[in-house]
Amino acid sequence: MTTIYKNIRASIKRQDRLFAVLIDPDKTSVNKISVFIDKINRSIATHIFVGGSIVDDNKTDKLIKEIKRFTPLPIVLFPGDITQISNNADALLFLSLISGRNPEYLIGKHVDSVSKLKGTNLEVIPTGYVLVENGKQTSVERVTHTKPISRDNIQCIVNTAKAGELLGMKLIYLEAGSGAIEPITSDIIRSVKRELNIPLIVGGGIRTIGQLENAYNSGADLVVIGTALEEDYSFFEQLKQEH
Ligand code: 1GP
């Protein structure tokens, strides 16, 4: 099954804006999830991403089962580790950290995950994950022992994203890091988008409607917000669906 990716491509063709709320199982209580999901359901969200850099074993699976009870939205794994792979999700961003040079996060974890993936029905979407420096060290850097690409080196960011596409990846995810001080800049998004023929995801540090709009207007096809919504549910008020 390749429904989710096909739907992403079809939505982009229609010039729809895609929006994912990121839920980090380590920061989210299963008991309170229904209230959060209700807010997501009433918002412009088209996808729910689930994952985090460091998550205790089994938390992800339990949380996804609970999320599914309350929403029809597709649940896409955005895993920091193999332990976060859950057959209860709909799809998996099979992330390769192409901004870094740590073989474990380029191919090692992927090889290790194969036997686990064999037993699932997950739609696996190969995704080039590009970490861009944002002014402070992110948990992705700490966990993966990789350096992000300097935000001033736009050519290197563009070439990295394009190399991902040429390697056959189906999505590129430009990441400033969860809770980043500065989101990915318009210049970077625009420059990457110009060269890409595959959908572009942008996330990290987006806290305002202005920053969200800016990401779309610069060329992001799907924007991800986690921290800002986790910390302040009232932000959902500005993300309501228009009826
Ligand atoms: C992190 O891109 C996501 O991987 C979302 O970042 O938590 O800063 O919204 P925030």
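Placed from the backbone N, Cα and C atoms, the Cβ positions cover glycine too.
A quick note: this is a predicted structure, and the numbers were derived from the prediction, not measured.
What TrEMBL lists as Mg(2+) binding site is ASP24, SER53. Positions annotated as sn-glycerol 1-phosphate binding site by TrEMBL: TYR173, LEU174, GLU175, ALA176, GLY177, SER178, GLY179, GLY204, GLY205, GLY226, THR227.
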Given the sn-glycerol 1-phosphate binding site residues TYR173, LEU174, GLU175, ALA176, GLY177, SER178, GLY179, GLY204, GLY205, GLY226, THR227 in the record, what is the largest Cα to Cα distance, rounded to whole Å?
-> 17
Residues that sit under 8 angstroms from TYR173 (sn-glycerol 1-phosphate binding site) by C-beta distance, when 6+ apart in the chain | LEU93, LEU95, THR127, GLY128, TYR129, VAL130, ILE201, VAL202, GLY203
The answer for which binding-site residues (TYR173, GLY179, GLY205, THR227) have a CB under 6 A from ligand 1 is GLY179, GLY205, THR227
For ASP24 (Mg(2+) binding site) and THR227 (sn-glycerol 1-phosphate binding site), the CA-to-CA distance in whole Å is 9
Please name the residue among the binding-site residues GLY177, GLY179, GLY205 whose C-beta has the most neighbouring C-beta atoms within 10 angstroms.
-> GLY177
SER53 (Mg(2+) binding site) and THR227 (sn-glycerol 1-phosphate binding site), Cα-Cα, nearest whole angstrom | 13
SER53 (Mg(2+) binding site) and GLY205 (sn-glycerol 1-phosphate binding site), Cα-Cα, nearest whole angstrom = 15
Other C-beta atoms that fall within 10 angstroms of the C-beta of SER53 (Mg(2+) binding site) | 18
GLY179 (sn-glycerol 1-phosphate binding site) to SER53 (Mg(2+) binding site) - Cα separation in whole Å = 12
For GLU175 (sn-glycerol 1-phosphate binding site), write down the residues of its own chain that are at least 6 apart in sequence and whose Cβ falls under 8 Å from its Cβ; none is a fine answer.
-> TYR129, VAL130, LEU131, VAL132, VAL140, ILE184, GLY203, GLY204
If you count other Cβ atoms within 10 Å of each one's Cβ, which of the binding-site residues ASP24, THR227 has the most?
-> ASP24
